[in-house]
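Undergrad: After the structure tokens below, expect a handful of questions from me.
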Amino acid sequence: MAMEISSVLQGGYNHPTSRTWQSQRQLTKSMLMYPIFITDEPDARVEIASLPGQCRWGVNRLKEFLGPLVQMGLKSVILFGVPVHCNKDERGTPADDPEGPVIQAILKLRSLWPDLYIATDVCLCEYTSHGHCGLLNEDGTIDQVPSVARLAEVAVNYAKAGAHCVAPSDMMDGRIRAIKLGLIDAGLANKCLLMAYSAKFASSLYGPFRDAAGSAPSFGNRKCYQLPPGAKGLARRAIIRDVNEGADVIMVKPAMPYLDVIQDAAELAPNHPLACYQVSGEFAMVVAGAEKGVYDLKTMAFESVEGMLRAGCTLILTYFTPQFLEWLEA
């Protein structure tokens with residue numbers, strides 16, 4: 001018996017070119033944002049053992065590090081400060097030190113490559129003596145009001161230094177509104193994009209990042225402000241909240257275990273660009289599997305991000321960015 005006409009699908013994807021037509025989005029270089037770690041040792045290049053191929057970089061090494069990638073088409077980076085020699089305190093004072101690694105890196109990158117898009121992570125955990133993402137009450141719980149005020153202050157100072165984007169990753173309630181108002185008051189809201197880590201989950205996949213940034217909390221954990229992994233409803237509410245508070249881009253983090261949340265975000269914020277962060281543990285797992293011969297690294301790397309594109313992402317933060325810049329040339 002002949003098949004139903006509607007059952008015959010393979011002719012539509014039997015050729016490599018026609019296979020590309022089946023995807024609603026194709027990965028392009030402009031969709032990639034490269035997370036980089038900037039230390040306060042100006043000449044440093046320190047390999048991160050748990051994050052293969054990644055390093056902490058000093059400001060004086062940025063030209064040699066990023067120059068070849070810019071030549072290959074790197075469009076954007078996001079900066080994470082890794083202070084080594086500063087005096088950390090309870091309010092994260094070094095976060096926006098004009099001589100600190102983030103602001104110095106912004107100035108350096110703006111001078112080297114005026115067209116390179118520079119985003120800055122906004123959080124306090126790398127700079128506080130206790131390693132938490134906000135200021136604390138005496139009992140060790142988050143003191144929300146001064147936490148939000150401090151985060152807004154840091155974000156505005158990054159924008160004043162020349163950041164094109166500020167991206168708060170702390171998950172404090174109300175920080176998007178506070179940062180937006182701070183940018184408006186500083187006359188920078190029309191010049192600096194606000195990218196909200198809206199659905200950031202309390203994941204086990206952040207371990208290599210915490211090694212890289214030295215940002216593990218000195219006590220307790222972050223489960224009272226990062227979302228529980230099963231909290232689909234909370235994630236949806238957080239996305240809606242951040243849209244209403246003035247976010248210009250919505251982000252979901254991590255990516256691969258939360259593709260359903262990415263799809264929810266695409267439906268809840270259809271008029272916003274949608275980002276996801278393929279976090280350090282995701283990257284390390286893909287690399288480890290390839291090293292064990294489970295799959296080909298390039299093939300699996302593309303498969304991983306194609307799932308994110310399929311779910312609705314238009315921007316992907318990934319440590320695979322250098323490889324993708326090369327692979328997309330082929």
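Backbone N, Cα and C atoms are what each Cβ position is placed from, and that goes for glycine too.
So TrEMBL says this about it:
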type	residues	note
BINDING	Cys123, Cys125, Cys133	Zn(2+) binding site
ACT_SITE	Lys200	active site, schiff-base intermediate with substrate
BINDING	Arg210, Arg222	5-aminolevulinate 1 binding site
ACT_SITE	Lys253	active site, schiff-base intermediate with substrate
BINDING	Ser280, Tyr319	5-aminolevulinate 2 binding site
Undergrad: Who sits close to Lys200 (active site, schiff-base intermediate with substrate): which same-chain residues at least 6 apart have their Cβ under 8 Å from its Cβ?
TA: Ser169, Met171, Gln226, Leu227, Met251, Val252, Lys253
Undergrad: Reported as an integer number of Å, what is the Cα distance between Tyr319 (5-aminolevulinate 2 binding site) and Cys123 (Zn(2+) binding site)?
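TA: About 20 Å separates the two Cα atoms.
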Undergrad: Do me a favour and check the Cα-Cα span between Cys123 (Zn(2+) binding site) and Ser280 (5-aminolevulinate 2 binding site); whole Å is fine.
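TA: Cα to Cα, Cys123 (Zn(2+) binding site) and Ser280 (5-aminolevulinate 2 binding site) are separated by 17 Å.
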Undergrad: Hey, what's the Cβ neighbour count for Ser280 (5-aminolevulinate 2 binding site) at 10 Å?
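TA: So the Cβ neighbour count for Ser280 (5-aminolevulinate 2 binding site) comes to 25.
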Undergrad: Rounded to an integer, what is the Cα-Cα distance in Å between Cys133 (Zn(2+) binding site) and Ser280 (5-aminolevulinate 2 binding site)?
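TA: Between the alpha carbons of Cys133 (Zn(2+) binding site) and Ser280 (5-aminolevulinate 2 binding site) there are 18 Å.
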Undergrad: If one measures from the C-alpha of Ser280 (5-aminolevulinate 2 binding site) to the C-alpha of Cys125 (Zn(2+) binding site), what distance in angstrom results, rounded to a whole number?
TA: 17
Undergrad: Specify the count of other C-beta atoms within 10 Å of the C-beta of Tyr319 (5-aminolevulinate 2 binding site).
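TA: Excluding its own Cβ, Tyr319 (5-aminolevulinate 2 binding site) sees 25 Cβ atoms within 10 Å.
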